[in-house]
Amino acid sequence: MKFAEHLSAHITPEWRKQYIQYEAFKDMLYSAQDQAPSVEVTDEDTVKRYFAKFEEKFFQTCEKELAKINTFYSEKLAEAQRRFATLQNELQSSLDAQRESIGVTTLRQRRKPVFHLSHEERVQHRNIKDLKLAFSEFYLSLILLQNYQNLNFTGFRKILKKHDKILETSRGADWRVGHVEVAPFYTCKKINQLISETEAVVTNELEDGDRQKAMKRLRVPPLGAAQPAPAWTTFRVGLFCGIFIVLNITLVLAAVFKLETDRTVWPLIRIYRGGFLLIEFLFLLGINTYGWRQAGVNHVLIFELNPRNNLSHQHLFEIAGFLGILWCLSLLACFFAPISVVPIYVYPLALYGFMVFFLINPTKTFYYKSRFWLLKLLFRVFTAPFHKVGFADFWLADQLNSLSVILMDLEYMICFYSFELKWDENKSLLPNDLQEPEFCHRYTYGVRAIVQCIPAWLRFIQCLRRYRDTKRAFPHLVNAGKYSTTFFTVTFAALYSTHKERQHSDTMVFLYLWVVFCAISSCYTLIWDLKMDWGLFDKNAGENTFLREEIVYPQKAYYYCAIIEDVILRFAWTIQISITATAFQPHVGDIIATVFAPLEVFRRFVWNFFRLENEHLNNCGEFRAVRDISVAPLNADDQTLLEQMMDQEDGVRNRQKNRSWKYNQSISLRRPRLASQSKARDTKVLIEDTDDEANT
């Protein structure tokens with residue numbers, strides 16, 4: 001592998017601009033070689049003056065790059081030293097507190113089941129667990145800095161060697177010896193000392209002297225490009241996808257020859273449509289993950305996942321393919337229920353029951369850590385007013401907004417099985433003979449409208465919570481206003497539907513209101529998508545017309561196509577309303593929903609690429625490459641006090657003499673920011689534990 005490719009594959013994406021600009025140096029050298037005057041047509045002195053002038057410019061550029069690298073390395077090293085001191089202090093405080101409360105001196109003697117601990121002991125136990133996670137993440141940051149040191153030195157050595165080869169001189173080697181090999185970023189060995197001290201602290205204080213266990217916790221994943229998936233995972237992905245395609249063809253043929261009446265078809269479609277959308281979402285999320293990795297968008301950091309243990313795109317494809325096979329088999333079983341001894345209504349229950357069990361399975365199998373992380377995240381989303389909202393929280397809530405049809409189909413399935421299903425009919429999903437046919441598919445009692453509003457409500461209260469935490473009306477209250485338009489849209493759609501069924505005279509009034517609020521909502525969300533979520537239409541875009549100053553994906557056409565796609569699908573409701581308002585055939589609304597629901601999932605798939613790109617560029621602007629792990633978050637008063645104590649000679653070590661903390665927990669491990677340094681973005685999100693159990 002050429003060094004340029006090696007460098008590109010191994011850099012820390014958030015620090016990209018702080019590395020040696022190796023490609024730019026190569027271009028300088030090759031350009032100088034191509035533009036050099038020929039000895040055959042000019043005298044030798046002219047050629048020498050040309051190369052002397054070029055070398056002067058070249059080495060000036062090298063000096064600027066070297067100064068940039070020295071400065072960045074020194075800043076990051078100083079930050080690491082401060083953080084290590086804070087971590088050591090917090091560890092000592094936690095250990096001292098445990099010794100005082102429990103009366104023992106070693107971690108091993110203190111270990112007992114968590115449910116036997118008092119409240120104070122639980123807090124201390126949690127602090128130790130958080131400290132293990134914080135040291136693990138800190139160790140990763142040290143390895144990244146060490147990698148930065150090695151890559152830049154190798155880059156200088158390679159480019160100066162190339163300089164000497166092209167110009168047939170030894171001045172490049174002399175410059176390396178006189179400048180690079182004595183540069184602080186190369187001669188400073190404190191990073192190696194910090195790595196050794198961190199390993200020693202974790203081994204002796206947190207893992208009872210078990211170095212093997214400590215190094216397993218501190219293990220850093222390969223820093224290069226994405227590692228190839230295990231062969232069996234790749235095999236299963238191919239196998240599942242192949243079977244899924246064959247089963248889909250079989251489904252189409254079976255649907256043509258087996259389905260007879262609308263009374264049988266539409267309950268099946270409504271019940272199985274949500275499962276298909278979920279499978280589509282998982283598959284497209286796998287493509288998202290692959291695209292992020294290829295483009296260098298650090299989604300692991302953005303979602304604050306465990307960098308040592310998380311799902312790759314191969315795993316997501318595998319899950320989607322496996323669930324897709326089960327979905328096809330379940331639907332085929334319904335088609336052939338007349339020749340089966342199992343009642344037809346069992347198959348949907350078995351399918352969705354398995355999906356739920358797969359998610360909540362308490363055993364440490366089938367991607368236990370990832371499933372548990374998702375469950376915790378779902379809990380945070382549905383209890384949004386009671387937690388600080390991070391990026392992963394509102395990202396998942398945004399996904400739910402595009403998957404609202406799944407919630408509506410789930411509500412329909414529960415209602416259908418509870419009130420409409422004819423249980424004595426084992427061969428088809430026939431509704432019973434109610435006075436109101438298809439009772440569960442109507443807005444009559446408002447339940448469907450409420451269910452349809454749930455995802456927008458979750459984002460609405462998340463925005464209010466973020467406003468409460470930050471006191472910034474923009475963007476949080478403005479964003480809440482965007483989601484509130486969904487409430488009006490759904491309300492007037494429901495009123496129009498019910499009034500149309502009952503042939504009320506004011507039906508058209510609700511149709512016009514529905515159209516007006518759909519237009520307002522679409523314009524609002526479209527502008528927010530392009531300007532706020534994607535960061536496009538930046539006035540400083542320069543040559544990236546209508547985009548932003550810096551873009552990650554290689555082709556500008558991707559951005560322009562995404563803009564057009566977002567405009568079209570944001571206003572796809574115009575087709576839906578036009579057909580719904582003019583058609584008199586039954587089930588037109590079902591047909592429209594079945595067609596447009598997968599398109600909305602696709603729109604969200606495209607949205608994900610550019611939303612995470614924007615967040616990634618924010619991280620690059622802050623040079624944030626690892627997670628911010630806190631033992632206990634600081635309130636405003638605590639943070640002010642901490643900053644004052646850091647200015648004192650004693651630092652933070654004697655802080656307990658100055659004040660009794662509101663919470664009997666350790667202070668934040670994160671280096672406190674001044675108000676002028678803070679960003680509007682708050683990305684502290686739920687993280688996975690780094691326990692020793694395997695993910696699979």
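Any Cβ shown, glycine's included, is placed from N, Cα and C.
The structure displayed is predicted, hence computed values, not measured ones.
Here is what Swiss-Prot says about this protein:
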- Asp398, Asn401, Lys482, Tyr483, Arg570, Arg603, Arg604: phosphate binding site (BINDING)
- 2-224: domain 'SPX' (DOMAIN)
- 439-643: domain 'EXS' (DOMAIN)
- Thr690: phosphothreonine (MOD_RES)
- 672-696: region 'Disordered' (REGION)
- 260-264: topological domain 'Extracellular' (TOPO_DOM)
- 338-343: topological domain 'Extracellular' (TOPO_DOM)
- 423-429: topological domain 'Extracellular' (TOPO_DOM)
- 229-259: transmembrane segment (TRANSMEM)
- 265-296: transmembrane segment (TRANSMEM)
- 310-337: transmembrane segment (TRANSMEM)
- 344-365: transmembrane segment (TRANSMEM)
- 389-422: transmembrane segment (TRANSMEM)
- 430-471: transmembrane segment (TRANSMEM)
- 473-503: transmembrane segment (TRANSMEM)
- 507-534: transmembrane segment (TRANSMEM)
- 554-585: transmembrane segment (TRANSMEM)
- 588-626: transmembrane segment (TRANSMEM)
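Whole-number maximum of the Cα to Cα distances across the phosphate-binding residues Asp398, Asn401, Lys482, Tyr483, Arg570, Arg603, Arg604: 18 angstrom.
Of the binding-site residues Asn401, Tyr483, Arg603, Tyr483 has the largest number of other Cβ atoms within 10 Å of its own Cβ. The list of residues near the topological domain 'Extracellular' (423-429) in space but at least 6 beyond its ends in sequence, with Cβ under 8 angstroms from a Cβ of it, reads 264, 267-268, 271, 334, 337-338, 343-345, 416. For Asp398 (phosphate binding site), the same-chain residues lying six or more positions away in sequence with a CB closer than 8 A to its CB are Arg459, Arg604, Trp607. The secondary structure of Tyr483 (phosphate binding site), as reduced to three states from DSSP, is helical. Averaged over the domain 'SPX' (2-224), the predicted model has a pLDDT of 86.
Outside the topological domain 'Extracellular' (338-343) by six or more residues, the chain places 426-428 with a CB less than 8 A from a CB of the stretch. With a threshold of 8 Å between CB atoms, the same-chain residues lying at least 6 positions outside the transmembrane segment (389-422) that come near it are 267, 270-271, 273-274, 277-278, 281, 302-304, 345, 348-349, 352, 377-378, 380-381, 429-432, 434, 438-441, 447-448, 451-452, 454-456, 458-459, 462, 465-466, 469, 486, 593, 597, 600-601, 603-604, 607, 611, 615, 681-686. For the topological domain 'Extracellular' (423-429), DSSP puts the residue distribution at 0 helix, 0 strand, 7 coil. Of all Cβ atoms in the shown protein chains, 21 besides its own fall within 10 Å of the Cβ of Lys482 (phosphate binding site). Across the topological domain 'Extracellular' (338-343), the DSSP tally of helix, strand and coil residues reads 2 helix, 0 strand, 4 coil.
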